[in-house]
Amino acid sequence: MEHAVKPHKRVRRWDKWTPYLFISPWIIGILLFTVGPLIFSLIMSFFDWPVTSSPKFIGLGNYTKMFTEDPQFYKSLLITLKFALFYVPLSLVTSLILAMLISQSVRGVKFFRTIFYLPAVVSGVAVSIIWGWIFNTKYGILNYALFLLGIEGPKWLIDPNSAIITIVIASAWGVGTMMLIFYTNIKSIPPDLYESASIDGAGPIRQFTHVTLPLITPTIFFNLITSTISALQQLTLVLLLTNGGPLKSTYFYGLFVYNNAFKHHKLGYASANAWFMFIIILLLTALIFKSSNAWVFYENEVKKERKKGGKKK
Amino acid sequence: MLETKRRSWFVVIILTMLFLSACGSGGAGSSSDEGQSGKATIRFATWDSEENLTLQQGLVDKFNEAHPDIQVSLEAYGSEYDTKIAAGMGAKDAPDVMYMWNYPTYKDALEPLDSYLEKEGADFKNNYYETLWNYNSADGKVLGLPVGYTTHVVYYNKDLFDKANVPYPKSDWTWDDLQAAAKKLNNPDESISGFAFSGTPDPYDFEMFLWGNGTAYVDDSGKTQGSLNSQKSVDVLTMFQNMLKDGYAITTEGSGSTEMKSGKVAMFTNGAWSIGSLKEAGINFGIVELPSFKDGSAVSIVSSSGISMSKDSKNKDAAWEFIKFWTSEEANKARLDYELPVLKSVVESEKLQDDELKKVFYHMLEMSEGYTPASFKVENWSEMSEKLALVFEQIFNPSTLMDPKAVLDDAAE
Amino acid sequence: MKLSSWHKIVVYILLIGFSIYFLFPFIWIVLTALKSEAEVHQYPITFFPSEFRFENFVNAWKAQPFGLYFMNSVTITVLTTLGQIISCSLIAYGFARYDFKFKNGLFILLLATMMIPWDVTMIPLYMQFNLFGWINTLKPLIVPAFFGSAYYVFLLRQFLMNVPKDLEHAAKIDGANDFQIYSRIFVPIMKAPLTLIAVLNMLSVWNDYLGPLIFLQDRMKYTLALGLASFKGVHELQILPIMAITIIMIIPPVIAFLYAQKYIVEGISGAIK
């Protein structure tokens, strides 16, 4: 980093350490609370550990078992990837639409803003119970309402084909967090940019694609990465709502790991499962990160590039 | 400039110290006052949820008052009980005393209690129903004292029976009787179902139907081949599947108690857990023994709850003292409202054999003597259970309704 | 800016359409909480309670020491939010506004910590906290927040990356040191995203169930979320208290959100100009 004005020498010696000082809380935190357990779990993945008794070293045994002997591993992996492929774009688009809606200057928008955010506030325990009820095929309110309308409702949580849709509907309910993140970013866009665009004759859609969208790429990037991670680790909802059923159609990878750890008490095996997923997510994130150079624009980088004559980082 | 710089770093340091002291006090203000001199502290974990919890806390307080040298603290974890216990055991910090039912899974972390029991004399042990000891042991060692139990029974909705003019079921009925009644009770126009059973039954529970028809999941050597896929097993599952196909029975999405509470289900099977909630839901119901199979009998699985001691406990004598209290007559009586007592003397003194509802569970218990669940016979029950759960779903799920024989043959491989 | 009327109509149709989806389960929770146990399960379903039973709320609250749980939840939430705001703003500032050796490597490491599945690190973490003597205290739930959380640092960094670089150059020329630039120029700029972080953190900590489940033992130290969960037994659940406590638990985060809204609406723009 080049400074416009160079401070004198004694201070410069400190300058080298300034950024590290800023991030030092995180470095201390990671050393204190993360590194130990992480290494521990990596080591455990080479052990047979039934929780209640002492671990036995088995080398790569857990990994070979996972790849060669456990068909559920591949099935769960596939279900999870499918879910993520479906859910991530859906939630991104929905939350962006919602964020755009609540940043319109229409009457009562504050009220709607609160409504959209409300579901994200409801605790997971109650959410799963209430959805289980609503979707009960025989005695649930949803099919009852459909019945009153003369429609025979689908077997929501009984039919494997509709179960995954049910999960998507239920998990999209909590999209309020992502919406709020988009919203905060949209609100930070200087209004004069819109004004000048509208003077240039741009309609609402053009304003969105030419002003809003480019300026919120950093948060799109953020939401893309975090929702990919959470989709691949989705556990709470399937654990409480379907427990993997019907016919294992929602037996997500997160549930697979959780059951191996706490139902089958194979902590070593579960660690191996978890580490595999960890690496997959890491690679996926790296991929998104690599691609981000092409579509994410940061204000401070744009400026830098301009100054340094378009030097790529 | 140098000075302002120094001063601002000073501010950073002060701030950092502030955070640390803030969280320090946050922790300290709430840190426990344990470690009082000379007192043995006992952590006691329960899976029971509210209502019962208030009662249990009262019992614990009573024990603490009577034992000035022991301090028991009650910990309640609700439905995630197993996760908490497993985490505690993995970290070698399990509660000293805990509720337990799944002995085969946890056996290595539990203290065998045979030597403790011996000291108490034979009468102590004989006061329990014998069947329950099987359910509270593993590998021939007693690992827990029975606290409560339930057998499975048929709940029936009296109002629906009255409306359809069907006589209430009697204790020596058969599955044919149940089916005949269900057919008469079933009324699609009013969304009334004759019989309901779980479409995703817990394999541990479902084995009782195989027992009733004279078979089991595994033979004595733990092999599934020839047992799980025996003709008798196939018959049981075919019978259940046919009830669905004929349309007078439904599968439920949970245990079935939600559906039963709607007042639109005439009969379903469950343990004693539903008594309280069905009463609260205002259902006018009766309870009857499970029906028996034509060439077999009526047998129920026992869902037992026991109380165990952690192997790593540092105060084993105090823990045993508390376990004895928790299984005493006094405690059994105190829990009468929500738990079926396991002591013969209490059943006698409280005249439970004359209780219209409760006597059914005791009768069912007597009829179910001498059976050992597969979970005690095979090493990897939790995995087998997961496989069986899928088998049942394939047979009962309306979108598959697979042929029982084919599925069971496949599963027994 | 004037909106055309067809634009407005489209906006309202979408707003109302989404509201039904978002509100319906919520309304269902409220209506359920006001019914009697018998009516909850009745079929055909009655939509509105025949009698509004507000005593359900009182009964649920009295069933456990919820006043105490409430205080514990508040303590944890307030302290972690404070911790996250202070630590994350420092860390994100470091990552967003400086170039330094190992920056990219460290940032990838930061992101990686978001991907660690808790199932397998939970037990070693338990052991570690046990070693510190922190089990059965609120410390494991509070202290880590003072060392930042990857999610919020990442979020904040994304915002900071969007602030023009000229800003600190100008300040540097004026003779401000690094910490002054951070505290006097950037903290005000970060007001909107920091508010957002406070809201998000409050929410996740308030509803967190697993952390308290694993690290707490004594019932006197339980949080609201843990108290709520203990209405759910292994075989039966008590539906009325669950719904009632759920509704009570919603109130504080919603109030906080309503209060925070105005800081978010102000946005970064105001601060820069």
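Cβ atoms here come from the backbone N, Cα and C positions, even for glycine.
Automatic, uncurated: that is what TrEMBL annotation is.
Listed by sequence, the residues of this chain that lie at least six past the ends of the transmembrane segment (A:20-47) yet keep a Cβ under 8 A from its Cβ atoms are 55-63, 267-268, 271-272, 274-275. The transmembrane segment feature in TrEMBL is assigned to A:20-47 (among others).
The domain 'ABC transmembrane type-1' feature in TrEMBL is assigned to A:77-288.
Long-range contacts of the transmembrane segment (A:83-102) within the same chain, counting only residues at least 6 positions beyond its ends with a Cβ under 8 Å from a Cβ of the stretch, are 109, 112-113, 116, 164, 167-168, 171-172, 175-176, 178-183, 186, 208, 212, 220, 223-224, 227-228, 231-232, 234, 252. Per TrEMBL, the feature transmembrane segment maps to A:83-102 (among others).
Positions annotated as transmembrane segment by TrEMBL: A:114-134 (among others).
When Cβ-Cβ distances below 8 Å are used as the criterion, the transmembrane segment (A:163-183) is approached by residues 79, 82-83, 86-87, 90-92, 94-96, 98-99, 102-103, 113, 116-121, 127-128, 131, 135, 156-157, 216, 219-220, 222-223, 227, 234, 237-238, 241-242, 245-246, 249-250 of the same chain, each at least six residues removed from its ends. Annotated transmembrane segment per TrEMBL: A:163-183 (among others), in sequence order.
What TrEMBL records for A:220-241 (among others) is transmembrane segment.
Sequence-distant contacts of the transmembrane segment (A:274-298) (same chain, at least 6 residues past either end, Cβ-Cβ under 8 Å): 41-42, 45, 63, 66, 214-215, 217-218, 220-221, 224-225, 228-229, 232-233, 253, 257, 312-313. The transmembrane segment feature in TrEMBL is assigned to A:274-298 (among others).
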**Request:** Using a Cβ-Cβ cut-off of under 8 Å, list the residues of the same chain that are 6+ residues beyond the ends of the transmembrane segment (A:220-241) and lie near it.
**Result:** 80-81, 83-84, 87-88, 91-92, 95-96, 124-125, 127-129, 131-132, 157, 166-167, 170-171, 178, 181-182, 250-255, 258, 277, 280-281, 284-285, 288-289, 292, 296
